[in-house]
Amino acid sequence: MNRSIRRVAVAFMVLFLALLANANYIQVFQASDLNDRADNKRVTLDEYARERGPIMVGGTQVAYSVKTKDDLVYLRRYRDPQLYGHLTGYYSYVLGRRGLEKAENSVLAGTDDRLFVRRIVDLITNRQPQGGSVLLTINPKAQQAAYDALGNNRGAVVAIEPSTGKILAMVSKPTYDPNQLSSHDANSILKAANRLGDNSDRPMENRAAQRRYPPGSTFKLVTAAAALSSGRFNPNTQLPAPAQLDLPLTTFNMKNWQNGLCGPAPQVTLTEALATSCNTAFAGLGLKVGDKALRQQAEKFGFGQEYLSDLNASTSVFPKELNTPQLAQSSIGQYDVAATPLQMAMVSAGIANGGKVMQPYVVAKVSGPDLKTLEVTDPQTLSQAVSGDVAGQLTQMMVNVVDHGTGAPVKIDGVSVAGKTGTAQTTPDKPPYAWFASFAPANAPQVAVAVVIEHANVGRNEISGGKLAAPVAKAVMRAVIGR
Amino acid sequence: MSDTQQANSVQPRKRRGAELVLLVLALGVAVGAYAVVGVAVTGHISSQIVSYALGLVLLVGIAHLVVRFRAPYADPILLPCVVLLNGLGLALIHRLDLSKVKAAQDAGEAMPRVDAPAQLTWTAVGVAAFIAMLLLVRDHRWLQRATYTALFAGVALLLLPLVPGIGVRFQGAQIWVRFAGLSFQPGEVAKMLLIVFFAGYLVVKKEALALAGRRFLGLDLPRGRDLGPILAAWFISLAILVFQRDLGTAVLFFGVFVIMLYVATERPGWLFLGGTMFVGGAWFAYIAATQLHISQFSHIANRVNAWLHPFDPANANGAYQIIQSLYGFAYGGLLGRGLGEGHPTLVPLAKSDFIAAVIGEELGLTGLMAILLLYGVIVERGLRTALVCRDQYGKLLAIGVASVFAIQVFVVIGGVTKLIPLTGLTTPFLSYGGSSLVANWALVALMLRISDFARRPAAVLPPAPTEDALTQVVVVRR
């Protein structure tokens, strides 16, 4: 029998070798894949056991961790949650991470490669590792001003420093409280998440960067930029401005906002057309410039490009394949043109910055747990949208809009302000969107602001960019320049 | 190599001192682990450490003394391996208890039931069974007289959970009986009885079974008229599978039977036939569940699907346990989180079926491999005992016991590491569970009894050694 016993022994050895090999495979080769899986609670529990670093605005921690006595150890808290919720996002062991909590997770959690040496030291000294901190570019005064000025209206505000692309303010309303989603009580998290998810106002959406709206007349800045850049037009070029523009191929006639002429005569200069936001003049201008030039100009300002991915910003769109009536409508920011408030802020900021559009960013600085700076974000150029000359002409035209046109409500004593109103039609059953894109001071720009108001408790005829959105922009600009 | 040569190489040294040293080391690890988990989970050494350590030392000491005086030539490595596994299992169960207590305290709930004291009690019962076995069975060949009694008792025990009123269904399987407030798995005891039967039966019938029938693909297949026993074993296994929904026990019984049949007859044809029947049965069960929708087999299909596609959302329920187990292994990595530093409570049934996942998480790959090697050593010592044993009945018994451990470890650890589909079996000596612990201690006693016999110098030795006797060939009793 010994021969067969030896064979059985070999067979058992093979079985045990298979167990050993498989254990090696799982615990060494497959381990990192398994540890990275989203539903792996162990890694989350580990993360919660470490002190997560703060998210800072100015000298204030808007997101920070406090120690608790329960299993998850550290609880994430948010200061001024309504004000900063769309930026910080939330940190929830049920729902995962959102916003900058997600984008900057490796630094906040202390797992970033740049913290490697620190982690080794922690390991050797048996100290619980800590996360680094993230400082935002937000100007707290501008943020608060935008928040207050929006009031109870549904809408969004973005303010950018034109020379760098720093986001100075980003507010979206209605807003939400990330504290509710970051608690340690799974039931209350789920209840809050359901309540927020069921809300038709979609309070969790960051309208400032994620929702695309028809930009309406604020898009005339792009059309004007394309016309001036073509060299065939200048601010004084006379444009036909009939009360109605008969669009070929359709039975539809384009009208001006107040159903009349834009000026005393059926012809206006480009500057006057922008000041009065003359639809027929700009539609005609767009047809002359052509869809190709218009699209290229829009893309130079950032349409169709991805940026600010840490806040999951949406890409703005200038449609492809336009026929004549569609081109006419697109020239005044209607049809399928869609832009985020952030995108329109970038258009103003680009004009303010001599035609150079800067890459927008919201993280100014990343530091280690010892507050040693790991990285400072350098401003980067996205593109040269227009020449300095054209930018100067556009600036003059925008100042004229505020001084003599529809942008009058934004005037600030002693400061020259550049702006453009917009009132974008949606479907007939919905009120139009009120827009304002602006920057100040016009001669030495410190801030560019875009405002959109989706819904306000006023009558339909009361809705216009100048009346609703401009005062909000004004409040933000005053907060930044201190006037 | 012939049996005679093998027997010549046997050392007549008793090696009881070596066993004692190894036992002290094993006890050191067990008590140390118990202390460490207390510090890691609660911040201080558990207050029961002294009584726990004393109890364990007392039990192991008695076991050692019984071996020393009643089986002096027994294998010296088996008992320390078993003590180490049992002690480590106690520490791990204590560790899981502490987590549960801590969670209840944090939530302000009532104190949950703790299992480590019960496991220690069962360890005592196991050691008692071990001692009783060594004391009562002075010669393993006595068991041969009980061949058919063992068969009837074993089958009766296997069927016991199906008796209405005392049978209990838990986690889909009907393998428990509850009697006077105590529940136990009769299958665990049946394991030993059936080995006793297989060995007694095969040692008598092996010549007949070894007769070749037809030659097929280079294999000598057995005669058709000899198929009876293997068919019977196959049907019993299938019955366990269908009525008790216990895949693990079915695989274990059939596997052990086929291996013993092969060793007894030395005919690979039996292995081939057994393997074919096993694969065919498993395939049929899977088809019956997935294509014919026979609900008796649905648990098999669930296990197979969870094994093949654990992360498929369609298997979310069935695969939850195995996924949590894999996460535990991955989290443990090479060196483990350290005893008490992981999150093993995330794996359902961590105390019983999935204790290997706790080891993988907290002691890492290193610890898991050490445990696997310990089992490997136990199986290897069993096989060695079978090799050197001078009587064929003893050989078959030893092979049976070694196979039970080998198959059980492979099936359960292969299951929790997703090498093979998951089957519900306990991890010998480590898992929480009384019947398994007691039965395995008794099996080890049986093995020690056989090895004592195998390693004992032949009763009839040549005359007292003289100078030239050193070169003399020793006459060995066959």
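In case you wondered, yes, glycine gets a Cβ from its N, Cα and C as well.
Just so you know, TrEMBL annotations are computer predictions that nobody has curated.
Note that the structure is a prediction, hence the values are computed from the model and not measured.
What TrEMBL lists as transmembrane segment is B:20-43, B:49-69, B:76-96, B:116-136, B:148-168, B:188-204, B:224-241, B:247-263, B:270-289, B:354-375, B:396-417, B:429-448.
Between the transmembrane segment (B:148-168) and the transmembrane segment (B:188-204), the number of CB pairs under 8 angstroms, six or more residues apart, is three or more, so the stretches are in contact. Under the criterion of 3 or more C-beta pairs below 8 Å, with sequence separation of 6 or more, the transmembrane segment (B:270-289) and the transmembrane segment (B:224-241) qualify as touching. Tertiary neighbourhood of the transmembrane segment (B:116-136): same-chain residues 48, 52, 55-56, 59-60, 62-63, 66-67, 70-71, 86, 89-90, 93-94, 97, 432-434, 437-442, 444-446, 448-449, selected by CB-CB distance under 8 Å and a gap of 6+ residues from either end.
Count of Cβ pairs under 8 Å against the transmembrane segment (B:429-448): among B:49-69, B:188-204, B:224-241, B:247-263, B:396-417, the largest is for B:188-204. For the transmembrane segment (B:49-69), the list of distant contacts is 16, 19-20, 23, 26-27, 30-31, 34-35, 38, 79, 83, 87, 90, 120, 123-124, 127, 130-131, 134-135, 448: same-chain residues at least six beyond its ends, Cβ to Cβ under 8 Å.
Below 8 A, the CB atoms of the transmembrane segment (B:76-96) and the transmembrane segment (B:396-417) form no more than two pairs separated by six or more positions in the chain, fewer than 3 in all. Outside the transmembrane segment (B:224-241) by six or more residues, the chain places 155, 158, 187, 201, 205, 208-209, 211, 213, 247, 249-251, 253-254, 257-258, 261, 270, 273-274, 277, 281, 285, 297, 300 with a CB less than 8 A from a CB of the stretch.
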